[in-house]
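Below you'll find the structure, written out as structure tokens, and then a few comments.
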Amino acid sequence: MAGGKMRRDKPHRGASAGGSNPHFQGGISFHKSKGQHILKNPLLVDSIVQKAGIKSTDVILEIGPGTGNLTKKLLEAGKSVIAVELDPRMVLELQRRFQGTPLSNRLKVIQGDVLKCDLPYFDICVANIPYQISSPLTFKLLAHRPLFRAAVIMFQREFAMRLVAQPGDTLYCRLSVNTQLLARVSHLLKVGKNNFRPPPKVDSSVVRIEPRKPLAPVNFKEWDGLVRICFNRKNKTIGSIFRQKSVLSLLEKNYRTLQALQLAENVPSEDVEMALDVSALGETFGDLSMDADDEKDDDEMEVDDGDAKRSEFKEKVLAVLKEGKYEDKRSSKLTQADFMHLLSLFNKAGIHFS
């Protein structure tokens, strides 16, 4: 490792031998609990850079550069590198490593939390990230403007497979649908845990994310509202999901509120402004618990048809499903086009999800 050795942190008294203990490598302590797993395989680093398709004119964003093994290759391949690093010890090591070299004037290091930083312009992102920020980081990048060409990111294997999952796949979920609405996603590489120091407990994968240009003409908050409901019980039929009392109550409240607003302000529903808050699609994702468990007891009783007004609204909802032939279909099998069509049918009937 380039640069002078740094003072080793003393382990806390009573600390267990688990993830919170630092692991010492080359004079620097890496903390598993902070997601610090440094790529040590030079062939793998070369492969990632090659598959990223970096141009000599590219400004590259790197997140979590650590000690700079990947950074060096990125500097050699592109025009410049903007490295965002939270750990001040790693920032110091990175600066020491390239100080006095021809590469130093093409490296800019930003110390801070990437989720809280305002990111500058970049052409491509290449990163080995802490896995606990996978979901919020993915959607922060996709919300960044101007749009970048591609992001090549190392994720936990199961998270990566959810990103690329297709309708009918076991891991197909709300994360899959929302990500693929905004970007083309492809799996590049499987990476074993022994390619890192210290080795993580899980295997990894490298994924390529290319933002769609232009974005689909959809209200993203409404889209996420529909998809969130559908994937709450993704293996139930759509008809069964939309018969649930809580779902119908939510939709009816939105329906009555919008009706009241239109009467008060004389605003036609087609003039409702399209939401462009892309980052809203990434809200409330846990790293791997994106969907509710279909097997757990469902206390969401179906609506009692005794209430005439509520029964009328229920029939309105079911008529939409019948028109699109969605009653007997399941969310786990629906495509992007299916969700788009279903949302348009609901909106045409004056039913909204935000």
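Just so you know, glycine gets a Cβ as well, placed from its N, Cα and C.
Among the features that TrEMBL reports, S-adenosyl-L-methionine binding site is placed at His37, Leu39, Gly64, Glu85, Asp113, Asn128.
If you look up TrEMBL, you'll see 1-13 marked as compositional bias 'Basic residues'.
According to TrEMBL, the feature compositional bias 'Acidic residues' maps to 290-305.
Residues annotated as domain 'Ribosomal RNA adenine methylase transferase N-terminal' in TrEMBL: 44-213.
Residues annotated as region 'Disordered' in TrEMBL: 1-26 (among others).
The region 'Disordered' annotation in TrEMBL covers 288-308 (among others).
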Listed binding-site residues (Glu85, Asp113), ranked by Cβ neighbours within 10 Å, top entry:
Glu85
Relative to the Cβ position of Leu39 (S-adenosyl-L-methionine binding site), how many further Cβ atoms are located within 10 Å?
19
Could you tally the C-beta atoms, other than its own, that fall within 10 angstroms of the C-beta of Gly64 (S-adenosyl-L-methionine binding site)?
24
